[in-house]
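Novice: Found this in Swiss-Prot, in case it helps:
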{"type": "DISULFID", "residues": "CYS24-CYS45", "note": "disulfide bond"}
{"type": "DISULFID", "residues": "CYS38-CYS62", "note": "disulfide bond"}
{"type": "DISULFID", "residues": "CYS64-CYS75", "note": "disulfide bond"}
{"type": "DISULFID", "residues": "CYS76-CYS81", "note": "disulfide bond"}
{"type": "SIGNAL", "residues": "1-21", "note": "signal peptide"}
Amino acid sequence: MKTLLLTLVVVTIVCLDLGYTMTCCNQQSSQPKTTTICAGGESSCYKKTWSDHRGSRTERGCGCPHVKPGIKLTCCKTDECNN
């Protein structure tokens, strides 16, 4: 009986997604707000801004990438914190 109970507990834990998934904004520049659910293991969101011949540009997404000089990067660790 104990084995059956233990098996049910293990199956329940495996079947349920007990991990937390981060939600980040992913709209570009001045587009309407959209969000994405980040891949497992991602624990931060980013907002990258720079200027080019089209004006000020913004990119948002999951993670915290490395950027070239001249690009402003803001990383944060709460849901939709990169809006």
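Quick reminder: no glycine exception, Cβ is built from N, Cα and C everywhere.
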Novice: Taking just the CA atoms, what is the gap between CYS62 (disulfide bond) and CYS45 (disulfide bond) in Å?
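Specialist: For CYS62 (disulfide bond) versus CYS45 (disulfide bond), the Cα atoms are 4 Å apart.
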Novice: Could you tell me which of these disulfide-bonded residues, CYS24, CYS45, CYS64, CYS75, has the greatest number of Cβ atoms within 10 Å of its own Cβ?
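Specialist: Checking each of CYS24, CYS45, CYS64, CYS75, the winner is CYS45.
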Novice: Given the disulfide-bonded residues CYS38, CYS76, and counting only Cβ atoms in the protein chains shown, which has the most within 10 Å of its Cβ?
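Specialist: Max Cβ neighbours within 10 Å, all protein chains included: CYS38.
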Novice: Name, in the order they occur in the sequence, the residues of the same chain whose CB lies under 8 A from the CB of CYS81 (disulfide bond) and which sit 6 or more residues away.
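Specialist: For CYS81 (disulfide bond), the qualifying residues are CYS24, CYS45.
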Novice: What is the Cβ neighbour count of CYS62 (disulfide bond) at a 10 Å cut-off, with all protein chains included?
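Specialist: Summing over all protein chains shown, CYS62 (disulfide bond) has 22 other Cβ atoms within 10 Å.
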Novice: What Cα-Cα separation, expressed in whole Å, is found between CYS64 (disulfide bond) and CYS76 (disulfide bond)?
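Specialist: Cα of CYS64 (disulfide bond) to Cα of CYS76 (disulfide bond) measures 8 Å after rounding.
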Novice: Reduced to three states, what secondary structure does DSSP give CYS38 (disulfide bond)?
Specialist: coil
Novice: Quick check: in three-state DSSP terms, what is CYS62 (disulfide bond)?
Specialist: strand
Novice: May I ask you to report the DSSP-based helix, strand or coil state of CYS45 (disulfide bond)?
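Specialist: CYS45 (disulfide bond) sits in a strand per DSSP.
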Novice: C-alpha of CYS76 (disulfide bond) to C-alpha of CYS38 (disulfide bond): distance in Å?
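Specialist: Each residue's Cα considered, CYS76 (disulfide bond) and CYS38 (disulfide bond) end up 13 Å apart.
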